[in-house]
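Colleague: Just dropping this structure here.
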Ligand code: SIN
């Protein structure tokens, strides 16, 4: 489904979808972020009649994603979303940190138009690359009447941006939406929707205005056999402002690590518990010593703590 009256803007940030290898058969020894977004679009058949614009916002392997790129991307999204002639956005991204970018954009922008992240598990030079189909499917979703919110489209599956996560290192079908399941499927160009589009209010782009170098420092620590509190003390001494612990099971933490985290929290560090388990949420119970991150994965919880600290800083500065 294409809408020639409303254009779709495709923002490129790099990733394997834009990657190339020396040998076509090489699907792991490639370099990510080699091709420009305009050339990725040229490789997708069936786009005649679709008004498209492309813009290269960044060109990186998403393992190296940083706050400056997030700022630039969020600004360009907000700019294009405000244009009445634009029906939606597609963002080409690396798979490795797509879930963090998707979460950030949903929480900050909560757009009333679709912002669809897509990526690929195989480089563009592969014998059978997945990028062109994923890009075509992402454009299909961006053109869907009524679609809204930050979404991720990979492997014929539509995930809510706030829930999507990478769940496999290599397979083409490498993403899931956790317990709640996918939002929709794209099947031969048809959208089969299972859940509502993401709703909610955005926190506002101005939240990301502080210089990237001044953003709060939030780290992940993990609870495991033999864990103790030394890593927490060391991070505190270095000035960490937020900590998310990858807790065991339903949010339990090794007693020595927990004691250090409780001390850090009393000293002003924002501390949340998430779970190491691949599926499920942390269910709060009486007597919990540390707040939990609910259904957020540790990596999304880390972004949420970052946003909460930015919000606190904004309030303190009276904005
Ligand atoms: C990246 O995340 O940029 C590289 C890996 C990938 O896109 O699959």
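Each Cβ is built from the backbone N, Cα and C atoms, and glycine gets one as well.
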Colleague: From the candidates 39, 62, 125, give the one listed by TrEMBL for the same substrate site as 95, 96.
Modeller: 62
Colleague: Applying the rule Cβ within 8 Å of the centroid of the Cβ atoms of 62, 95, 96, what extra residues of the same chain belong around the substrate site?
Modeller: 15, 16, 32, 61, 63, 65, 93, 94, 97, 98, 119, 166
Colleague: Out of 16, 62, 95, give me whichever of these recorded positions has the highest number of other Cβ atoms within 10 Å.
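Modeller: Comparing the recorded positions 16, 62, 95, the most crowded Cβ belongs to 16.
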Colleague: Near residue 96 (substrate binding site), which residues of its chain come within a Cβ-Cβ distance under 8 Å, counting only those 6 or more away in sequence?
Modeller: 15, 61, 62, 63, 166
Colleague: May I have the DSSP-based helix, strand and coil counts for the residues of the domain 'Asparaginase/glutaminase C-terminal' (218-313)?
Modeller: 37 helix, 20 strand, 39 coil
